[in-house]
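TrEMBL annotations:
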type     : residues                                     : note
ACT_SITE : 175                                          : active site, proton acceptor
BINDING  : 9, 10, 11, 12, 13, 14, 33, 95, 118, 119, 120 : NAD(+) binding site
BINDING  : 82, 88, 120, 151                             : substrate binding site
DOMAIN   : 4-142                                        : domain 'Lactate/malate dehydrogenase N-terminal'
DOMAIN   : 147-299                                      : domain 'Lactate/malate dehydrogenase C-terminal'
Ligand SMILES: NC(=O)C1=CN([C@@H]2O[C@H](COP(=O)(O)OP(=O)(O)OC[C@H]3O[C@@H](n4cnc5c(N)ncnc54)[C@H](O)[C@@H]3O)[C@@H](O)[C@H]2O)C=CC1
Ligand SMILES: O=C([O-])CC(=O)C(=O)O
């Protein structure tokens, strides 16, 4: 039997993700949205691309959670994106309500699913999904680190004129202004970037990475990034569905790792058929640890506003 994936929210991120998933041809996909008819229309359009591109994925659009029953993976993209001048944190209360309602319904119909949260502010929304679902932490994962790392890799590859495939990097921490691109561990074909790029230039690239989402929000004028975000979710789903056991940075509910507790923060994690199968603890320098702690404190401030107590 084919696997089943539900994507909640048929907006820019959701529908682009469904397109990418359909083209993978390894699962049937349900696209849910509250807007009547819209997910049905997008699903039909995507279904009709199948004969041209050669995929058999069944894509269904719906406004009824019953159609999402027994999903192997559910991705939550429903919620407001920010506008120019806003921080992701400004979306907290409005999106908390949406993510809470959505999670309740998902759990009702797919009690054994793995949830991937995309809605911003990411780390706090993953916290909401974990709390409302009552799932073990292995089955609630936030997507941010793959995207932030992809941005860092893109800029480094451009700087040195290398293939993006040869650039390895990790961006840890919360998905916000305080995220922690680990430039010390960034390499191009195994060479540390400190041997290839001047220190001040690395710092500029690190800052551009931190501002990566905002740069696109400003350019678009009315909405936020979706091509790279949907590609990033796809990488996580590949690793889970195909049990690839890839190690990718993602938002994980930490329970003592990195000296942090009861908080979603981006760290490297191994993803396989059970969801999060291992959390990798990289040995950090004092300044990296301090930066991660600062980023975690920013997430904690938001979680405190949510009014959720573990
Ligand atoms: N974690 C990350 O790295 C990233 C997160 N995001 C976040 O993803 C979210 C979605 O972004 P876009 O797709 O660009 O926004 P969008 O506005 O294009 O789509 C959001 C969709 O959610 C739907 N929706 C609203 N309330 C709902 C509910 N209760 N149930 C089901 N659907 C509901 C809307 O009808 C809309 O179709 C935003 O919060 C954005 O900030 C976006 C990019 C990257
Ligand atoms: O910037 C935003 O609001 C959307 C997002 O999280 C990103 O693109 O990193």
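From the backbone N, Cα and C atoms, a Cβ is placed for every residue, glycine too.
Of 82, 88, 175, all annotated as recorded positions, the residue with the shortest Cα distance to residue 33 (NAD(+) binding site) is 82. On a Cα basis, residue 82 (substrate binding site) lies 13 Å away from residue 11 (NAD(+) binding site).
Of all the recorded positions in the list 82, 88, 151, 175, the shortest Cα-Cα distance to residue 9 (NAD(+) binding site) is found for 82. Calculated from their C-alpha atoms, the gap between residue 120 (NAD(+) binding site) and residue 82 (substrate binding site) amounts to 9 Å. Fewest other C-beta atoms within 10 angstroms, among the recorded positions 82, 88, 151, 175, are seen around 82. Secondary structure at residue 88 (substrate binding site), taken from DSSP and collapsed to helix, strand or coil, is helix. The binding-site residues under consideration are 9, 11. Their Cβ neighbour counts within 10 Å are lowest for 11. Under 6 Å, Cβ to nearest atom of ligand 2: this is the test, and of the binding-site residues 33, 88, 120 it is passed by 88, 120. Residue pair residue 88 (substrate binding site) / residue 118 (NAD(+) binding site) shows a Cα separation of 12 Å. Proximity to ligand 1 (Cβ under 6 Å from any of its atoms) holds for these binding-site residues out of 9, 33, 118, 120, 151: 9, 33, 118, 120. For residue 120 (NAD(+) binding site), other Cβ atoms within 10 Å of its Cβ number 27. The DSSP secondary structure for residue 82 (substrate binding site) is coil. Look at the domain 'Lactate/malate dehydrogenase N-terminal' (4-142): DSSP puts its residues at 68 helix, 26 strand, 45 coil.
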